[in-house]
Amino acid sequence: MIEPVVGYRMLQAIGWPWPGPPADAAWQAMCAVYSQCRPARVIEQHRSGYVVAEAPEVPIKVESLPAWQRRGFPRHERAVVGDWVLLDGRRIVALLPRRTVIKRLAAGEHYRQQLIAANLDTAFIVCGLDGDFNPRRIERYCVLIGSGGVEPVVVLTKVDLCADVGAAVAVLREHSSQALAVVAVDAREAEPVAALYPWLLPGRTVALLGSSGAGKSTLTNTLLGEQRMKVGEVRQRDSRGRHTTTHRALLPLPSGACLIDTPGMRELKFTGEEDLVEEFADIELLATQCRFRDCAHQAEPGCAVRAAIGCGTLDPQRLHHYFKLRGEIVGAADRSTLRRY
């Protein structure tokens, strides 16, 4: 890999994780193979191709690898917003290994993974304190995000529509066994949004995830300090919004961090590669104390999970949701296996 034309400081401004050449062994090996190429980051993805950057506010339209356009090429092996690539002129010639990635199962009957964003440090789960507030859905987001190696942070918006914000925060904490960060803000105002700055330090990359109408575009505009993203109205009957964000885009923030805004997601299907170790650490720990290793936590003797329910230290509904999510993950894994044969 050749020295970036703009220098590493400019690359750092769009999320390059080192002050100089890559310190990761896998990156070093690939950069050695493509020694005459230069690094860039994918900041937009369209059907017609990609837009990358080597510095803030300097977009470059580039050609993708020819293999990515071939029918049947795995979609999850193509570049996505947040990825780092190597360029030869205006052509992508290689995709650098991902440090983290958030993905889901695409809608439809066929098994197909859909990547949301790559090389993230944190994901803000944006949820309005109106009809959009759904602790179980947030729990599902946390599983998807945590399984990709990304830190989840819940950002509650529309605080003016909630009579008891503290109660909503308490409900979320009850539904999570991990030390889940929950921040309630008025997404329209800069002062309360400043509570998010600990996750928006220079060099960090954060994605906004959530339903349409949750306030992602409003929050983006406040963080940018300008009205760049279109904001849509929300239907009162179901608190649903229209898709004002139609594609994923990486935006450098004044704080020095990078923000990836994403369209609203209605479905959160698992790929089969997730685990519940982080989000359901309490149940996973109890399971290690059961008499039998293959305990199904139903009516087996010596079941520590059932004992916890009996003494009131574990909510039966939490166990029910654990079984539900685990069943979905196993089912998706089975579909993935069948697809290979």
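Backbone N, Cα and C atoms are what each Cβ position is placed from, and that goes for glycine too.
Listed features, source Swiss-Prot:
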{"type": "BINDING", "residues": "Thr157, Lys158, Val159, Asp160, Gly210, Ser211, Ser212, Gly213, Ala214, Gly215, Lys216, Ser217, Thr218", "note": "GTP binding site"}
{"type": "BINDING", "residues": "Cys290, Cys295, His297, Cys303", "note": "Zn(2+) binding site"}
{"type": "DOMAIN", "residues": "112-268", "note": "domain 'CP-type G'"}
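Swiss-Prot feature annotations superimposed on the structure.
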{"residue": "Thr157", "record": "GTP binding site", "contacts (Cβ under 8 Å, 6+ apart)": "Val126, Cys127, Gly128, Leu129, Val185, Asp186, Ala187, Ala214, Gly215, Thr218, Leu219"}
{"residue": "Val159", "record": "GTP binding site", "contacts (Cβ under 8 Å, 6+ apart)": "Leu129, Val165, Ala184, Val185, Asp186"}
{"residue": "Gly210", "record": "GTP binding site", "contacts (Cβ under 8 Å, 6+ apart)": "Phe124, Ile125, Val126, Cys127, Asp132, Lys216, Gly264, Met265"}
{"residue": "Cys290", "record": "Zn(2+) binding site", "contacts (Cβ under 8 Å, 6+ apart)": "His297, Glu300, Gly302, Cys303, Ala304, Val305"}
{"residue": "Cys295", "record": "Zn(2+) binding site", "contacts (Cβ under 8 Å, 6+ apart)": "Ala287, Gly302, Cys303, Val305"}
For the recorded Zn(2+) site, whose residues are Cys290, Cys295, His297, Cys303, find every other residue on that chain with a C-beta no more than 8 angstroms from the centre of their C-beta atoms, and list them by sequence position.
Leu286, Ala287, Arg291, Phe292, Ala296, Gln298, Glu300, Gly302, Ala304, Val305, Arg306
Helix, strand or coil at Val159 (GTP binding site) [DSSP, three-state]:
helix
With DSSP assignments reduced to helix, strand and coil, which class does Cys290 (Zn(2+) binding site) get?
coil
Counting other CB atoms within 10 A of each CB, which of the binding-site residues Ala214, Cys303 comes out lowest?
Cys303
